[in-house]
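Taken straight from TrEMBL:
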type: TRANSMEM; residues: B:20-40; note: transmembrane segment
type: DOMAIN; residues: B:22-442; note: domain 'DUF112'
type: TRANSMEM; residues: B:52-74; note: transmembrane segment
type: TRANSMEM; residues: B:112-138; note: transmembrane segment
type: TRANSMEM; residues: B:150-166; note: transmembrane segment
type: TRANSMEM; residues: B:172-191; note: transmembrane segment
type: TRANSMEM; residues: B:203-226; note: transmembrane segment
type: TRANSMEM; residues: B:255-282; note: transmembrane segment
type: TRANSMEM; residues: B:323-346; note: transmembrane segment
type: TRANSMEM; residues: B:358-382; note: transmembrane segment
type: TRANSMEM; residues: B:394-411; note: transmembrane segment
type: TRANSMEM; residues: B:417-450; note: transmembrane segment
type: TRANSMEM; residues: B:471-491; note: transmembrane segment
Amino acid sequence: MADRIFGSIALVISLIYGFIAFTIIKAPFQYDPLGPEAWPRILSVVAALCCLYIIARPDGQKFKVLGHTLTRIALVVFFLSAYAVLFERLGFIVSTALFCGVLSRMLGATAKQSVLFGIASGILGYGLCAGLLDLNLPTGAIFKNLKLL
Amino acid sequence: MDTVFAGLSQGFAVALNPINFFYVIIGCFSGTLIGALPGIGPINGVAILLPIAYSAGLPPESALILLAGIYYGAEYGGRVSSILLNVPGDAGAVFTTLDGNPMAKKGEAGRALSLSAVASFIGGTISVILMTLFGPLLASVAIHFNPSDYVALMVFAFTCLASLVGKNPIKTLLAAVMGLMIASIGIDANTGVARFTFGIPDILAGIDFLVIVIGLFGMGELITLVEHQVTGKLAVLPVGKSFVSWKDLMVTKWVILRCSLLGFFIGVLPGTGASVASAVAYGTEKRIAGKSGESFGTGDIRGLAAPEAANNGSAGGAMVPMLTLGIPGSGTTAILLGALLLFNVTPGPLMFVQRPEIAWGLIASMYIGNIALLIINLPLVGFFARLLTIPQKYLTPLIAVLAFIGVYSVVSNPFDLYMIIGLGVFGWLLRKLGFSLAPVILGVVLGNLFEDNLRRALSISGGDWMILIESGRSIAIYVLTALILFVPPLVSSLRRRAATNAATSEA
């Protein structure tokens, strides 16, 4: 069943992809026999055929995720998104400390462990990557005004 | 032969340069570490660390040496968690658990670890030697390939993928096509027409390769880790004092030799890496062992040596087509190929001539790396075993942090942070549904090469599709493709028939 659902969604996507390739993409002028639309057209046909096969003969594989696990995964995705939102705003150190602290707490660390781990990974990560390896990491919009870092 | 020696001496000059030597050691060490951590394999390790190596400003040869070290180092390290935890470090190490873990349960963990280290070493070394010999040879043939030959090679590569990787060939094919579709997003280089960008400026130049890799393999892995997180402690079996004996090596020497060669050649086939190599090696050895093969799966040293020799052999094999044709031999080498492209190095037949310091430097570094790995792995195995107990609750957040650092330090665009999260969920779903991710990344890497060569071939012929099957070389490649497609199912159906015949005659 899961295969069929996925196959149908993928089929819809490849049909949309194919529709765009067959109708919209066009070069204003070209010298080559194959324009920018030819390759996507081929791909869309192959993809659609694969999807049809999967819908017709699914593996019968069950998509088993316990409700409890699904909640955890949703939470992780939420934390990751929050991390992404805060990454530039709060800067690497603070956002990383928050993210590591919260996620490790969720994964079973005690309150004290997660606070220590969060702070350590924020500061050590910044020191190692921005200081030692000279990578480009955000200091954080709120610190720029304070000129703390 | 002269070119080989000249090349090797140049390569060793590069690899023995103190800084590069340092990167070999670092790569091998961190590779072993990554491989040893349960759940994280070479492909995830290389994916997560690639952007950091890139933005740290290493010269291309040093970065490649480092990343390749992580790759074969992780193939080495995967055995530690397989043997001691019964949790394979990655797909290629699944077969190591079958005999490795029973040995550890019998109190022979030290023997299992040291024997598999030696088998890995031999597999790795044999494949580097073969790579040294065949690489330049293949490059000198490939230099004459024209666009239609390349199209044939691509068809061959995707056929190999579909028929050898994963359980369901159609799913693997679909995964590869998805990769090709992702690669088609962005501005078409030939005509300047935007394709599938929907007016989003962030993807006009296409979705960054790094973003795809980190999303699918870094973030996807993270979600999988959270899903499978085991509550309570995994029991790490003690390493103990037992060690590999000369007698063990004598018993397994032919097994190791055969499987190293087998691993190398499976590695050379485009797209098929360690997981296929170790599976085939294990199956073959079990069959060769015949009656005495019944002890496979209960702690037989041959069953341990076979997959380990093969998966390390395949790592070298997979590099051959990557360096000489620009077609990666495995999922991880697809990422290495992407890394080379990031550094503006175009892998292919000309690389041995134009950028010998990279091609030969890499090969030479693998000789050094294999020796270093053996030295690191024999005495330090206890140290790596202790690392297995790093709790998931700390490891998982750190993967995310590394992925974020990697993506941000290369592209500095917060949009890509959301993109990797989305791709991570997508990758997790695909894996859940029984798709493998390596074909996706192969599709992404090969997409432009495939399309460009097809269009170029048709430009040469003025639109006549027959050019694709005109040269003798491309016809030979299509014949090989047909063999790959039809021989394995034929063999298995013949074997099944033979088995039923035998059964009926016995009855």
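First residue shown is number 1, and so on along the chain.
From the backbone N, Cα and C atoms, a Cβ is placed for every residue, glycine too.
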One stretch in B:20-40, B:52-74, B:203-226, B:394-411, B:417-450 has more Cβ pairs under 8 Å to the transmembrane segment (B:172-191) than the rest, namely B:417-450
Is it true that the transmembrane segment (B:52-74) and the transmembrane segment (B:323-346) have 3 or more CB pairs under 8 Å, sequence gap of 6 or more?
yes
Take the C-beta pairs under 8 A between the transmembrane segment (B:394-411) and each of B:20-40, B:203-226, B:255-282, B:323-346, B:471-491. Which stretch has the highest count?
B:203-226
To what whole number does the mean pLDDT across the domain 'DUF112' (B:22-442) round?
85
